[in-house]
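Taken from TrEMBL as is:
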| type | residues | note |
| --- | --- | --- |
| TRANSMEM | 6-29 | transmembrane segment |
| DOMAIN | 86-143 | domain 'Potassium channel' |
| TRANSMEM | 91-110 | transmembrane segment |
| TRANSMEM | 116-136 | transmembrane segment |
| TRANSMEM | 166-187 | transmembrane segment |
| DOMAIN | 169-256 | domain 'Potassium channel' |
| TRANSMEM | 199-217 | transmembrane segment |
| TRANSMEM | 229-251 | transmembrane segment |
| REGION | 295-319 | region 'Disordered' |
Amino acid sequence: MCSGRLQTALLVAGYFVYLLVGAAVFQALERTAEKQEKMAAAQMKEAFLQNFTQLTVPEMEQFMKNLIEAIQNGVYPVGNESQFEESNWDFSNSFFFAGTVVSTIGYGTLHPKTVGGQIFCVFFALFGIPLNIVFLHRVGKMLSLLCKKLGKFLYEKGMRKKKIKFLTLLFFLATGILVFLCLPSVFFQITEGWSYSEGIYFAFITLSTIGFGDYVVGKQSDRKYFSYYRVLVAIWILFGLAWIALLFNLLTTVLEDTEKIIVKDLQQIGKVSKDNVGSQQRRCWPVQFVPEEELLPPRAGGDAQKMESLTADSEHTKN
């Protein structure tokens, strides 16, 4: 028991140390390049505001292309100059990005643009994704253990096994939906200004690793977020992934069992139908094609008649 807890503690510690180191490296590699991009975007905006009445159509199109490229790189040239001083690669955002890399969510709104950052991202994901799988597997085991303890408690109270299985699955599903979907959606509604349905949508799309990128936390320039906001969201994602992965496994098992039951029922129905069809066909056959055994009337007391026949043959032999 102590050995298992020690292994779990070392795994959790190593996992978060890996994410912290990755966040620090990404921050060091990308922050300087981001500052240069923001300065270029600010100069582009200033030049546009000074000369927008004199711009030709080709110049206007070039400005639009530069603006789209800046937005794709995570630079939003809106507001005053103080907003350009805020970095997308501070420690909180870097940790959030590291978490989305190892979890394979990949929103696409933040990505490394330097050569060093891109190469490091490849190796970081190469070793981080397997580590993330091991981490999620261990957390899933801990969640399963809680469900087993609940089942054992209900069994000791005299409850039937089928009912225990249903109640533990219901408890796991309801608790996970409350902790990882419903409550975080209220938090996102308050912090991000989204509707509650948008919060539910974001939570599920994130935890299922679909990651469209249409909703991402901490990206609205007109809102002030508290420090390490995205770090907390990243931790929620990591544990939520373990829950939803276990949930998908349970649903897969239920679907496979249901499929087996349906196939078995269909096979039984097909067998009964085949026997009935065969019986009907024999009834419709001409007499000359019906086996002689079926034409003969049933003989009552078959075993007694066999004994009488054997006795008669024995007496005939003696005579």
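Positions of Cβ are set from backbone N, Cα and C atoms, glycine also.
In the predicted structure, the domain 'Potassium channel' (86-143) carries a mean pLDDT of 92. In summary, the transmembrane segment (6-29) does not lie against the transmembrane segment (199-217): fewer than three C-beta pairs, each 6 or more positions apart in sequence, are under 8 Å.
Per-class residue totals from DSSP over the domain 'Potassium channel' (169-256), listed helix then strand then coil: 64 helix, 0 strand, 24 coil.
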